[in-house]
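**Student:** Before I ask anything, let me first share the structure, which is written out below as structure tokens.
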Amino acid sequence: MINQFIEKIPKAELHIHIEGTLEPELMLILAERNQVKLTFDSVEAVRQAYQFDGLQSFLDLYYLGSQVLLKEQDFYDLTWAYLEKAAEQNIRHTEIFFDLQTHTERGISFEVVSSGIIQALREGQKKLGISSRLILCFLRHLSPESAMEILKQAIPYRDQIIAIGLDSSEKDHPPSKFQEVFQVARNLGFLTVAHAGEEGPPEYIWQAINLLKVNRIDHGVRCLEDRELVQYLKEKQIPLTVCPLSNVKLKVFPSLKQHNLKKLLDLGLCVTINSDDPAYFGGYLQENFIETQSALNLNLQEIYQLAKNSFLASFLDHQEKQDRIQELDQFMEQFREKS
Ligand code: ADE
Ligand code: ZN
């Protein structure tokens, strides 16, 4: 019963890397279409490689997989495949990260990457009724100068890109490295988010808040190591985009039963559930909800709260948020009448 409830409840996804939705089947199709040589010759061989001992071992494979993406059509196909999956799972709104430097470093233009993704997002709104926003992430293992260069290229896309994010290898790459480029981004009118406290210490979450002035923290699960930080996140209701299956796959927690998501919710933080890189971590948003509910014994009210938080924490405008939450509340009423 609760699984059906999870499947049907309207929800938003706020932490999804479009390159992380590349399923092995599409990876192999694109490798052949674009004549890119991969070391894998079957879907099973690709899946076999998905054993990670931490963030870096995943990123190595993830950047390798992204090399099959060359043309605008490839970015369109990738994004469209995700949107179809999202529609099946009653995802009503999605905010998608894309990593431009992964592609520009291979000689693929900003234009090719963005146009393919943006075109699919438009179709997603028209044909599937899924609203969306786009977030450009800087790779933190690269230099702030490289990030600034990408930011300049993003200026003509100001209307299509809502926010700037920060991802890739967290250890030894503190948010402080990107203070200036984030300041320029904010002055240009971009909102900001950053991965922090996934593998890195609570200090990186403080830096993301105080130096990058982020609107949300991506992951943030290590905040529990700092009581003052938890208090601050609660008071300001700074949203955390938590990714439970990702955290287990990347050994942030030994198992879902040991995940701190329920504790974060109980403490009154604005927590959301997300899939991060679903093709690599064994589940899309619905599977993240279902497996987390089962491991932590979440009740209907908690599932509702997580779905409501996903809209509240989104970058939809005020009226759109109200409309989505009204739709959610109507769903709840109908569900209660039936059961
Ligand atoms: N890029 C894609 N997934 C990521 C993650 N979980 N952490 C940091 N960078 C990423
Ligand atoms: Zn992520």
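Backbone N, Cα and C define each Cβ position, glycine as well.
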**Student:** Among H93, H195, H318, indicate the single residue that TrEMBL lists for the Zn(2+) site containing H15, H17, D276.
**Tutor:** H195
**Student:** Just to verify a number: CA distance, H17 (Zn(2+) binding site) to H219 (site 'Important for catalytic activity'), in angstrom, no decimals.
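**Tutor:** Given the Cα positions, H17 (Zn(2+) binding site) is 13 Å from H219 (site 'Important for catalytic activity').
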**Student:** If you average the pLDDT over the domain 'Adenosine deaminase' (10-329), what number do you get?
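**Tutor:** Overall, the domain 'Adenosine deaminase' (10-329) comes to a mean pLDDT of 97.
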**Student:** Tally every other Cβ atom lying within 10 Å of the Cβ atom of D276 (Zn(2+) binding site).
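**Tutor:** D276 (Zn(2+) binding site) is surrounded by 30 other Cβ atoms within 10 Å.
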**Student:** Compute the centroid of the Cβ atoms of H15, H17, H195, D276, then list the same-chain residues not in that set whose Cβ lies within 8 Å of it, in sequence order, for the Zn(2+) site.
**Tutor:** I16, G20, F97, D167, D218, H219, T241, C243, S246, N274, D277
